[in-house]
Amino acid sequence: MKFSESWLRTLVDPKLSSEELSHLLTMAGLEVEELDPVAPAFDNVVVAHVLDVVKHPDADRLNVCQVDTGSGAPTTIVCGAPNVAVGLKVPCALPGAKLPGDFTIKIAKVRGIESSGMLCSAKELGIAEEASGLLVLPSDAPVGQAIRQYLDLDDNLFELKLTPNRADCLSLLGIAREVGAITGAATSLPVVPEVVASIADSRAVVLDAPEACPLYCGRVLKGVNAKAPTPEWMKRRLERSGIRAISALVDVTNYVMLELGQPLHAFDNTRLEGAVHARLAKPEEKLLLLNEQTIAVDADVLVIADDVKPLAMAGIMGGEESGITLETSELFLESAFFAPKAIAGRARRYGFGSDASHRFERGVDFGGARRAIERATQLILEICGGQAGPVVEAKAVLPVRKPVLLRTARAEMVLGLPLGAERIAGLFAGLDLSFVCEGDNFQVTPPSWRFDMEVEEDLIEEIARLYGYDNIPSVSPRGALKMQVQPEARRPAYRLRQMLADRGYQEVVNFAFVEAAWEADFAENVAEAELIRLANPIASQMAVMRSTLFGGLISNLITNLKRKQTRVRLFEVGRTFHRAADAVPVNGFHQPWKLAGLAFGGALPEGWGSGARKVDFYDVKGDIEALLAPAVLRFEKLAHPALHPGRAARILFDGRDIGCIGEVHPEWVQKYDLPQAPVVFELDFDAVKAANVPAYAEVSKFPPVIRDLAIVVDQNVVLQTLLDGLKGQVSDLIQDIQLFDVYVGKGVPENKKSLAFRIVMQDTQRTLQDSEVDAAMQQLVSCFEQAFGAQLRA
């Protein structure tokens with residue numbers, strides 16, 4: 001929101017400097033982004049009247065001018081401006097004047113003729129970036145008056161960076177209210193008398209979509225002179241607010257929007273047919289807008305139409321065919337309230353925006369529509385003449401402002417201030433809030449222009465703003481801190497992160513909303529209908545809540561590969577999102593924490609002491625086992641859409657499924673153009689944080705006995721299944737069984753494979769005898785034979 005300080009001070013004039021006012025607004029939540037003077041410093045420049053112009057005898061591009069500067073005698077000035085002419089009133093810098101750029105005007109001879117001053121352009125005065133000639137002033141400009149005074153150049157431009165909830169401050173009226181409430185200064189708000197109708201002409205208004213447009217005011221004006229010039233004071237205020245002056249009728253609607261915060265629109269009444277309707281667009285309806293863009297209007301877009309055709313996108317932009325021109329003499333003036341939900345996002349959908357949509361989608365004072373149309377009528381009649389008909393008002397159910405309870409004790413507790421009910425009542429009165437006191441509590445009814453007061457915390461914020469954030473004392477919080485004992489059965493999250501970092505992994509943090517394609521490629525058992533889609537995504541590629549962390553890690557890998565990183569280790573801890581009927585704390589959704597990782601490139605960093613080898617399934621499996629040690633994990637074959645069908649496993653801990661590991665599926669390796677298949681894993685983070693409490697076990701002082709055993713089994717026998725079959729079936733002397741070789745080929749029958757195991761046997765009380773070892777080995781072989789049809793390899 002941009003405006004001039006002089007305009008604001010006509011409504012409220014606190015005894016503060018510009019800088020003090022800027023600081024006060026910022027500390028009250030209305031951040032002043034820029035505070036700039038309208039014009040740079042200069043002096044001794046006055047309004048001058050050009051009396052005579054003759055060509056310079058010695059220069060083709062120069063003129064010798066006789067100028068009245070109000071001193072009583074004509075002044076000779078040599079001027080090279082192409083637009084200098086007799087009768088013009090222009091700025092004149094007198095001798096001794098200091099112009100922007102540290103340029104001092106002196107009496108000097110120009111090609112033999114003495115020049116006592118300089119006629120100035122807007123650029124030379126520093127009030128415009130470009131200028132093609134002298135700054136021409138209105139014919140009634142008083143000769144001799146200081147140009148700074150005449151053009152009101154001792155003014156400042158404020159630009160506020162407003163938050164979306166403060167739509168009430170998108171007008172001078174709203175800002176004046178705020179300044180008055182903050183400073184206690186008296187406000188002189190615009191008095192808008194009702195314009196008495198002088199003609200009976202009117203046009204019926206029909207609310208076909210009352211929820212989107214519950215209030216519409218319209219008025220016919222006739223005999224209007226659209227070519228009448230806009231007053232200089234209005235043009236100046238508009239331009240200093242960042243709005244270009246166009247024509248008197250357009251300028252009036254823009255001026256009222258800035259002054260009162262109510263966007264208006266003017267239609268050429270002769271181009272309308274029948275009643276005016278506020279309705280939703282019809283199928284295949286098209287509209288040529290004022291920006292010369294033709295759009296196909298969607299069915300959820302509110303339009304203003306007559307009985308035959310659409311006229312405008314309601315609250316956004318008017319149509320070209322019903323727009324006013326300099327030939328317009330009869331107009332239909334609109335002032336309406338459009339519900340924010342009916343306007344929000346519609347302009348962006350078509351790739352443009354407007355000052356009107358910026359206000360309506362945030363919320364416009366529904367109590368100010370009638371006042372705005374009266375104010376605009378008043379200005380149009382003063383500037384353009386004409387006659388006004390009666391205001392036709394169509395009204396449905398307007399928003400109901402529900403009272404909000406404020407407890408004084410609650411406000412004092414949140415702010416840490418001993419305010420008292422009387423002080424709070426004074427602050428609310430300064431904001432023009434309607435309230436009822438019930439002891440130390442308040443029932444506050446928000447005004448029609450405040451859409452941001454809905455809960456008690458909103459009112460506490462208002463108290464803090466008016467009291468002054470910088471007046472609230474800084475008090476350090478105090479509390480009795482109790483040392484929290486970390487249970488042995490839980491691993492702290494920071495320790496798990498540190499362990500992964502120690503193994504060469506780097507932590508990443510990705511958005512929880514992802515591409516729908518990632519879910520299709522990497523998610524397990526998630527149908528298209530089960531995707532959790534965002535109602536209003538920030539981008540099309542961020543439209544779905546993730547159910548797996550794999551997609552983000554693959555995207556991170558691609559980014560690293562583009563930056564020539566050949567060895568990548570990544571992990572992420574984050575929530576995933578799943579539909580579940582009984583999930584808490586969010587009904588219908590389960591949001592578990594997951595730990596996922598990715599390894600790509602060499603198994604080890606390049607070095608002279610080790611050969612180059614690509615990371616594989618077993619490297620990452622070892623990382624997971626080290627992370628969860630001393631827990632013993634089980635790995636079972638797994639079919640997963642994201643993983644290689646023969647190089648993927650489900651991870652189980654104490655019989656519970658806690659995640660998966662595997663190479664990325666070849667189809668996705670090809671689709672995402674990866675040089676090799678990365679190995680990924682995803683674990684239930686809560687399960688990973690669970691730890692086995694260490695228990696004492698005696699270390700044997702007697703030597704172990706190691707035997708090797710090779711058996712032949714069917715090709716389809718899975719190692720884990722084979723080891724599971726031994727539990728409880730073999731001697732207690734056997735401490736460990738490790739697979740050290742798998743062989744298929746010569747000497748092994750077809751469809752068979754040879755598995756070689758290293759058996760470690762030991763007792764804590766004595767040295768084992770050969771007979772005991774032989775018996776244990778025979779028992780082991782018998783188990784292999786009976787359970788899996790295994791045979792000793794010859």
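The backbone N, Cα and C atoms fix where each Cβ goes, and this holds for glycine too.
Residues annotated as domain 'tRNA-binding' in Swiss-Prot: 39-148. Predicted-model confidence for the domain 'tRNA-binding' (39-148) is 92, expressed as mean pLDDT.
Marked as domain 'B5' by Swiss-Prot: 399-474.
Under DSSP, Asp458 (Mg(2+) binding site) is assigned to a helix (H, G or I) in the three-state scheme. Residues annotated as Mg(2+) binding site in Swiss-Prot, with sequence analysis given as evidence: Asp452, Asp458, Glu461, Glu462.
If you look up Swiss-Prot, you'll see 700-793 marked as domain 'FDX-ACB'. Counted with DSSP, the domain 'FDX-ACB' (700-793) comes out as 25 helix, 32 strand, 37 coil.
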Practice problem: Let me know the DSSP-derived helix, strand or coil state of Asp452 (Mg(2+) binding site), please. | Solution: coil
Quiz item: For Asp458 (Mg(2+) binding site), which residues in the same chain are close in space, meaning a Cβ under 8 Å from its Cβ, but six or more apart along the sequence?
Solution: Val404, Asp452
Exercise. Would you mind listing, in sequence order, the residues at least six apart from Glu462 (Mg(2+) binding site) in the same chain with a Cβ closer than 8 Å to its Cβ?
Key: Leu427, Phe428, Leu431, Met453
Quiz item: Once the chains shown are all counted, how many other Cβ atoms turn up within 10 Å of the Cβ of Asp452 (Mg(2+) binding site)?
Solution: 16
Self-check item: Glu461 (Mg(2+) binding site), number of other Cβ atoms within 10 Å
Solution: 17
Quiz item: Residue counts in helix (H, G, I), strand (E, B) and coil for the domain 'B5' (399-474), per DSSP?
Solution: 33 helix, 14 strand, 29 coil
